[in-house]
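Structure, as structure tokens:
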Amino acid sequence: MESDLIKCNCDPRGVALDFAGCDKVPKGSLCSCKSQVTGRRCQRCKPFHWNLQYHYLQGCEPCNCYVQGTLSSLTDCDHLSGQCQCKLNTMGRDCSRCKAGFYAINQSNPFGCQPCECDSGGSYSHICDSHTGQCHCKPRVGGRRCNEPIEAHFFPILQHIKYEAEDGFSPDYKGVRFATNEKAFPKFSGKGFVTFSTIQDEVYVPFDIPKSSVYLVLITYKNPTESDITVKFHLQPYFSREKEGKQKVEVRLPRAPEPESILLKTPTGQPHPFVLNPGRWILKVKTAQRFLLDNVVFLPESYVIGSALHVNIPKPCHFHLKELPCELLVYPDLSHYHTVGRSDFSVTTDGSATPMQSYPMKLQDTADESTGWINSENAYALWINGTSPGNYTILLSYQNFESKMVMADVQLDEGPLLSGSIIFEHCPYSTSCREVVVSQGRPWILQLKPQGAQIHIQPRVKGDIALISVTLIPSEEWDVAYLLPKSKCVKTGVHCFGYSFLPIPESVLIEAESGYRNQSVTGHDSDIEVYDPNIVLLPLIKSQEILHFTGRVAQPGKYVFMFHYYNPSQAHLPVIMHIQNIKNESFPYDGVALESANAIMNLQFCPSVSGCRNIVYGKDDKRSAAFDIFDKFDLSVFQNNVSGNATYFDYLLVVPLISYSDDLLIPQSVEHLHHSLTNCSQHLSEPLLHMETIDDECEKLIFSLTVDFNAGAMSCDCNLEGSTSFICERYGGQCHCKQNIVGRQCDKCRSGFFGFPECKPCNCSSNRMCDHVTGSCYCPPLTEGNKCERCKPRAYGFDPLIGCQECLCSAVGTIEQSLNCDETNGQCSCVKNVGGRRCEKCLAGFYGYPHCYECACDLTGSNAEICDQNSATCLCKENVIGSTCATCAPGTFNLARDNEKGCTECFCFGVTDNCRSSTFKKTSVVDMYGWKVPTWVGKYRQTEIDGKVEVVFDENDVISKRGKLVYLSSPISYLGNRLLSYGGRIEYMIMAMPVEEEENAVTVSPDLIMRGNNISIEYWSENQPSSFESYFPIQTTLLPVRLSWIN
């Protein structure tokens, strides 16, 4: 029997149990199949069945497709894998489950399931319960989407880690001097604001950090001077004296006659990052210049860049609802198939046929009155002709704004047996939906004859369907992909944002345009819509029959080839490829054969403005995507885009198999998140905003950011005695306070009141303080007088709020051992060679306090301290040596007092480190003729008069190019070999007169650039002009210490 089976080649899995063999059946008969098996050899399952197995009595098992989750309620499946035709958001072999991030499978939903929309900060992930849609919320967060705090909880403002400067202390751990004058600092927060001056030039602000993160520091300040000021900020752990953890930055703060909030920035203009661990810290703020500081806010970096938020899957864009952001979905192009519309329909009413009514509302992307209206249970007749006879599959495009789905029967005029059905599912989206006419779970096939045909669409219930078009697709070209929409972009109003993909640092990237003699184009010049117009794409066109991608891997192994491509119109495009290892003479193959492999990749429909990714499979084994690559390789792509539709390659990624996962193929919708962060960035510097002043988009974003950072919502904790309710505002957490009570938790009396929670008014005269507990009046410390209006003896620096400070003069260092000091600045009267406010140390250059003998040091080579005040050891500058700091160190020359390092490093191109000052005579080069403006594209007039260059730009060009940097290029007299100018000076003066009055803009660019021999030398002036009214001088020494060097 076995030999007979082999001879007649029947599949033993599919033949009937009573099949005796080919020689036992009647002449002309071959294999006898099981009940659900077909084929000459009984080698495949019948429709609606799969998984041909020997031990199945019927040969195959039924597909059992879950019609609520399949496209157009199709019930057939792949006879090998059993995979049913799932809707966009359903999954599983039988399409019975929602994809991760979706819930509530429903037959009336054309996409199967709806997005969970879990809040990206309030939930643990974008995945919810597949039945109820309940997201998994973080602590103290509620709502189906985890997008609101539970009762008696709140989410804070972005500035919730805020500390008042007036709550700080001085270096001697006493209270700081602060003011409460609202005219001097309008709308200050807390009790007041700190004033910096020569009396108070340093303040310590303690603060607590709740969790490890990179933080940005935001200060609210006022600079009442007429120029920029320099302020030093120093952060260190409160209880640690070690250098570890200490961080500092010196910031130039522009003139600010009104209070401003600003992030501390680096010299290049970027926000300065501070890495802070949980615990108590101290912020030291130091400047002797006039400076008013209100508060300091520590912003987690995630509040600025949103790095910690998981990406949500937005809803599809609706036609009526303008809920944003939303996902714009697009279907494959059908324009090359025969399509009919409303004009080809008639409706039978009371036995008479009339033209089909047009839909009463204008729909997107449709011509006026071209959309039909199915609004009754009458039969809608469609006459089909004008196309070739043959077998066709019928696809309908429609919109159904009603929540119910409408089923309709489709029947050919020739008889009731030639019929199918269609379901108009709920489709309120901005993109029309598609359904295929189905018969018994499979696409209905219309056998179109030369004379044409008439079909009738008979709704079973009354509906409100906008019928946009009916398309006839030749059955042999039918592809279920025509029913599957794909995402084009994420819409946020007028913007259509693209997607990002996960980076793969271990991969090899080969740009498509890197091949030989390619016909690449930019995204701007291509005929498709792309998010980045500057990318370079390689089209799949007939004139380039073979495309080559050549590269090499870091080490031998198995690799996955992943293409990034654009295919915005075709349902799919199979591409044949060949992968070949290239011999490299320097590579030790050890007798290993250089393998090659035939491969294939299916370029699926991809309308995304950011492109898609897909991987290459072996042509003979379509389950294998890993290829053996030894060193160099060549991947050849054989052109077969016969349709001519726009299809492009962007790049190829060669990924080690151990680094590959399917997540690398999934786009992440993060670009619109960055846009939202930018739109809401103003709220970083507006700490007093209330919910009613914030739009919905920013409110949602602030909730997500703060709840994510704080691992949940925060408890109101309203003081029961000071508040009227235990429930606070859901944004910011402000409790509802009783009269004369303040604080977020309503836990203290307002200024001028005492005795919480009664908070009675104080009854103190001018300048007297009121004890906030007892209400008793007292003078500020170290003050006297009837109105507490002056300092006591041996005290200074009167302040009506904090009083005075002790002089604490060192008697051995003062004249006549006096303990009194200047009542304004606290300076004690020091004897000769003694210094310090308290006369407690020697002046620089002296040692042995209180006698203070002069040190024997060269002042030119010594640093600012000159010598050690105990040992008299001279303290030399960096490039100076010797006991008296009078000698240049090896490799340096030219000891000079104005040189921060003392001596200049030799510039001998590595030949020697021995050099000395030249004896050349110095002269100046001044040439004001031949200057150019190379960076300006536009009209301008240039004149040279009275030893200066004057450039006048066209006013319209200036307005249109506002913010553009302009450099002047020097004439040839300054160019060429200028090595002999090393150590010299360059100086100039510049003035700009704006077209219209505007605030000065601080540019984050060098003031002077010198280029040559592939090196750029830049000079950044520490000072910037405060006004346009006069010439601003710039001068610098041509030494490395003054300049920045860039290769």
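Any Cβ shown, glycine's included, is placed from N, Cα and C.
Curation does not apply to TrEMBL; its annotations are automatic.
Sequence annotations record features per position, and here TrEMBL assigns domain 'Laminin EGF-like' to 8-62 (among others).
Annotated disulfide bond per TrEMBL: Cys33-Cys42 (among others), in sequence order. Within the same chain, the residues at least 6 positions away from Cys33 (disulfide bond) whose Cβ sits under 8 Å from its Cβ are Gly14, Val15, Ala16, Gly39, Cys42, Gly59, listed in sequence order.
Annotated domain 'Laminin EGF-like' per TrEMBL: 63-115 (among others), in sequence order. Note on the domain 'Laminin EGF-like' (63-115): mean pLDDT across this stretch is 96.
DSSP gives Cys95 (disulfide bond) a coil state; it is part of no helix or strand. Counting Cβ atoms from all protein chains shown, Cys95 (disulfide bond) has 24 others lying within 10 Å of its own Cβ. Under the heading disulfide bond, TrEMBL lists Cys86-Cys95 (among others).
Long-range Cβ proximity for Cys716 (disulfide bond), meaning a same-chain Cβ under 8 A and a gap of 6 or more residues, is found for Ala152, His153, Phe154, Phe726, Ile727, Cys728, Gly733, Cys735, Gln745. In the three-state DSSP classification, Cys716 (disulfide bond) falls within coil. What TrEMBL records for Cys716-Cys728 (among others) is disulfide bond.
Residues or ranges marked as domain 'Laminin EGF-like' in TrEMBL: 716-761 (among others).
All protein chains considered, the CB of Cys735 (disulfide bond) has 24 other CB atoms within 10 Å. When secondary structure is read from DSSP and collapsed to three states, Cys735 (disulfide bond) falls in the coil class. The disulfide bond feature in TrEMBL is assigned to Cys718-Cys735 (among others).
As annotated by TrEMBL, disulfide bond applies to Cys737-Cys746 (among others). Taking Cβ-Cβ distances under 8 Å and a sequence gap of 6 or more within the same chain, the neighbours of Cys746 (disulfide bond) are Cys718, Asn719, Gly722, Ser723, Cys735, His736, Cys737, Lys738.
The domain 'Laminin EGF-like' annotation in TrEMBL covers 762-806 (among others). Residues 174-180, 192, 199-200, 748-749, 752-756, 819-826 of the same chain, all 6+ positions outside the domain 'Laminin EGF-like' (762-806), place their C-beta atoms under 8 angstroms from a C-beta of that stretch.
For Cys779-Cys788 (among others), the entry in TrEMBL reads disulfide bond. Every protein chain shown contributes to the tally, and the Cβ of Cys788 (disulfide bond) ends up with 20 other Cβ atoms within 10 Å.
Annotation source TrEMBL lists domain 'Laminin EGF-like' at 807-854 (among others).
Residues or ranges marked as disulfide bond in TrEMBL: Cys830-Cys839 (among others). When Cβ atoms from all protein chains are considered, those within 10 Å of Cys839 (disulfide bond) total 23, not counting its own. Under the DSSP three-state reduction, Cys839 (disulfide bond) is assigned to coil, being neither helix nor strand.
Neighbour density for Cys855 (disulfide bond): within 10 A of its CB lie 24 other CB atoms from the protein chains shown. The annotation disulfide bond is assigned in TrEMBL to Cys855-Cys867 (among others).
Among the features that TrEMBL reports, domain 'Laminin EGF-like' is placed at 855-905 (among others).
DSSP assigns Cys857 (disulfide bond) to coil, not to a helix or a strand. Residues or ranges marked as disulfide bond by TrEMBL: Cys857-Cys874 (among others).
Per TrEMBL, the feature disulfide bond maps to Cys876-Cys885 (among others). For Cys885 (disulfide bond), the Cβ neighbour count at a 10 Å cut-off comes to 23, with all displayed protein chains included.
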Where does Cys728 (disulfide bond) sit in DSSP terms: helix, strand, or coil? coil
Cβ contacts of Cys857 (disulfide bond) (under 8 Å, same chain, 6 or more positions away): Gly845, Ile866, Cys867, Cys874, Leu875, Thr884, Cys885
May I ask for the distance between Cys95 (disulfide bond) and Cys830 (disulfide bond), taken between their Cα atoms and rounded to an integer number of Å? 91
Around Cys830 (disulfide bond), which residues of its chain at least 6 apart sit with Cβ under 8 Å of its Cβ? Gly813, Thr814, Ile815, Gly836, Cys839
Cα distance (Å, whole number) from Cys86 (disulfide bond) to Cys779 (disulfide bond): 81
Distance between Cys876 (disulfide bond) and Cys86 (disulfide bond) at the Cα atoms, whole Å? 79
Any idea what DSSP makes of Cys830 (disulfide bond), helix, strand or coil? strand
How big is the gap, in Å, between the Cα of Cys788 (disulfide bond) and that of Cys855 (disulfide bond), rounded to a whole number? 47
Spacing of the two Cα atoms, Cys855 (disulfide bond) and Cys86 (disulfide bond), in whole angstrom, works out to 89
Can you tell me how the residues of the domain 'Laminin EGF-like' (762-806) break down into helix, strand and coil by DSSP? 0 helix, 17 strand, 28 coil
